[in-house]
Every structure is written in structure tokens, then in C-alpha cells.
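K.L.:
The transmembrane segment annotation in TrEMBL covers 12-30, 50-71, 91-112, 132-152, 159-177, 189-212, 233-261, 281-301, 321-342, 354-373, 385-407, 413-433.
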Amino acid sequence: MKTKYTYKEIWIISYPILISLIMEQMIGMTDTAFLGRVGEIELGASAIAGIYYLAIFMMAFGFSIGAQIMIARRNGEQRYNEIGTIFYQGIYFLLALAAVMFTLSICFSPHILKNIISSPNIYEAAVSYINWRVFGFFFSFIMVMFRAYFVGTTQTKTLTLNSIVMVLSNVVFNYILIFGKFGFPKLGIAGAAIGSSLAELVSVLFFVIYTWKRIDCRKYALHKLPAFQSKTLKAILGVSFWTMIQNLLSMSTWFMFFLFVEHLGERALAITNIIRNVSGIPFMMTMAFASTCGSLVSNLIGAGETQCVQGTIRQHIRIAYAFVLPLLIFFALFPNLVLSIYTDIPELREASIPSLWVLCTGYLIMIPCNVYFQSVSGTGNTRTALVMEMCVLAVYIAYITYIILYLRVDVAICWTTEHLYATLTLILCWWYIKKGNWQKKKI
């Protein structure tokens, strides 16, 4: 099957994304690692509050994916001077969205969570986290547009530097604010939220300074702020709207999964939060290659080389397996060592091992699933991707409702939801790339 890129070229583009995603995942890991030493209630509450925040954040991320697809297409077409306009219109829109979501979250989050969380202790801790974490919307929403620019133009090395700065900032802020070091008050779970938001602010400042100093701003029309252009924003939303809805729906059902597990008890929720964080590293590794594939697919279509798309997808699946499988084997063979990063409670570690094993088997399907799904989005047919996602999520919701709320199965069995989701998504996306009419999609 014909391809354009060598594995070395794919790696050169992918590895900065990989490093940046892993580094960003370490923000959640450090939150969990620190809070796991505060208590199980804080650990469980940070899971629900973190997913709640992430569900809203993923709307912005979905918008940035659409913008990234357009930037990559313009990059492939060598229409560089249009990239800055796309970038800035995205910034304007996301700042407005951040203001709206911040206001809604402050006003309504306590009422929403009170009605869906059964444990009063977890509710109080979750609200304490969210009330501070929502300030991060203003920083993280801007951050995703910078990522869209750097990935879309294949200048991905910058992401590595940014992520290192952000993670180190988060570790320092968390250590000081959670445990009350260097004269600061001991804030516990609220300190984790403040630390994460401050780390995102540092990330944005880094991106701004780096772009101004190191990037050819005139080439990409980044050197001046354009006026608001509704036509350009409408074009971006034509692609992004569907990825925004898709990401919101996907994360909302993930949030629902955590809420259902919370009804199994505080221990089950604590286990689920630990497994979510352990899964972050293989997930981010998979998404690095999947995101690269989506960007390269868009570049290939822009350059008129659609015959190389399917071969490029297969290349990304192979290289993703090569990196993720050894990690999964390590997780399966040394579960106690891995889990000890997140909690120093022996009983909690032992109870988490079966769920970790189930998770490892799920990634055998998640790898090709994510690469194919990002490739479908990379074709510009984001509406088709949304329809596929909605069909799969309908089955997913029915499944988690039955096995968790009705059967009340062990938490390890709950994690088989990943197998179901990945299998159905992979089948639909494979069929679309094989049979769908995506080659001439204009964006």
C-alpha cells in the first residue's frame, strides 16, 4: 500500500507531541500522587471534579482539532498567510467560550454535583476543587490553539519544551499549596486545583514568548492581531462544531461512568481514579501517533495525495503498537510497582490490580481505534465522526447502566466498557476509510 512518509519522518513529527502529551498527563498524575497521600475521599473527589472540568475543556479541545485540521490543510496547500487568521479567530472564540463556561460553572456546578454525588464528603471536596479549577479555562483554552498551530504546521518540537515547563510548574505549585510549604497555608484538594490552573498560565506565557521570539510570525501572519472575522470563524466552526460536540459527548459519558462507579462506594471510585491516571500514559502515547496521523492525513489531502492515506494510517498503527505494547506488558507484570506511585495504601493497591489488567487488554483495541478515528477527523468529515461517536456512545451508555447500576459488578468488570467502545468505533471508522467518499472533501 502506497505511503509518502517514512517511519523516521513520522517519529520526528510524533515524538514532540508524545513528550508533550505525556508531560501534560503528568499534571493529572502529580495531582493524584499528592492527593493519594491526603486521603481516599480527596482522591475520589478529584476524579469526579477532574472529569467534570475535562468534559468542558474537551469542547475547547474539539474546537482546536477543527482549527488544527484547517491549519494543516492550509499548510499542505502552502497558503501560509491564512494560518494566522485561523489562529486568532480561534483565540477570540475560545476566550469568549471560557468566560461563558467559567460563569456557568461557578453558578451551577454546586447544584449539579449535589444532585448526582451520593457521598456528602466527596461532594464537598469536589466543589472545593472545581471552584478554583475553573479559572484554568482562560489559560487552557488559549493553550489548545497554540497546540493546533504547532501541530498543524508540523512544528511540534515546541510542545515538548512547553510541557516540561508546565509539569515542573505544576509539581512545585502542588507541593507548596497541597501540603502548605514555605509559609503557605495547607489547602489540600483546593491547592491541587490552584496549582494546575497556575501551571496552565505558565504554559500560555511560554507559548506567547516562544512564538514571538522563535517563529517567523510574518510568514504565518501572526505578527498582528486581525479584526474579528465572522466568515473565517464560521468556516472554522463548520469543521470544529462537530468535533466540539463529539468531544463533549464523549467526555460527558466518561463523567457518567465515574458517577455510576461512585454509587459502588468510595473505594471503587478511588480505584477508578487510580486506573484512569495509570491509563493516561498509554493513552497519550496512542493519541500522539493518532494526532500525528490526523494531521498528516489532512496534509496529504491538501497536497492531492489521497492514495497515500490508507498506507499512512497503517504505518501509524504499527509504530503505536511498537511503543505502547512494551509499556502494557510492564504494567501487567509489575502492577504493585506501578500502583505505588499513586497511593501508599496497600489494600487500595491490591484492590486495583484486576482493573489494571483489564485496562491493559483494552489497549490492544484502543490503539487502532484512536488512529482510525483521528484519521476520519483528519479528512475534514467531522460530522461523520460525530455520527459514528453518537452511535457508539448510545450502546456505551446502555452497557454501563446495565452492568454498573443494575448488576453492580466488580469495578474491574466495569472497565470492560473500554473494550466495547474501542471495538465498535474501530469497525465504523475502518469501514468509512475503506468505503467512504472522503477524498474530495473541501474545508
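Each Cβ is built from the backbone N, Cα and C atoms, and glycine gets one as well.
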K.L.:
Of the listed stretches (50-71, 281-301, 354-373, 385-407, 413-433), which one yields the highest count of Cβ-Cβ distances below 8 Å with the transmembrane segment (321-342)?
P.N.:
354-373
K.L.:
Grab the same-chain neighbours of the transmembrane segment (385-407) for me: Cβ-Cβ under 8 Å, and only residues 6 or more beyond its ends, written as numbers and ranges.
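P.N.:
Residues 242-243, 245-246, 249-250, 253, 256-257, 260-261, 263-264, 373, 376-377, 413-414, 416-417, 420-421, 424-425, 428-429, 432 contact the transmembrane segment (385-407) from elsewhere in the chain.
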K.L.:
Are there residues at least 6 beyond the ends of the transmembrane segment (281-301) whose Cβ is under 8 Å from a Cβ of it, and what are they?
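P.N.:
Result: 4-5, 10, 13-15, 17-18, 21-22, 24-25, 65, 68-69, 72-73, 75-76, 151-152, 154, 308-309, 312-313, 316, 319-320, 323-324, 327-328, 331, 363, 366-367, 370-371, 373-375, 377-380, 439, 441.
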K.L.:
Let me spell it out: take the transmembrane segment (413-433), skip the flanking residues so only those 6+ beyond its ends count, and list any with a Cβ under 8 Å from a Cβ in it.
P.N.:
257, 260-261, 264, 272, 275, 309-310, 313, 355, 358-359, 361-362, 365-366, 368-369, 372-373, 375-376, 381, 384-385, 388-389, 391-393, 395-396, 399-400, 403-404
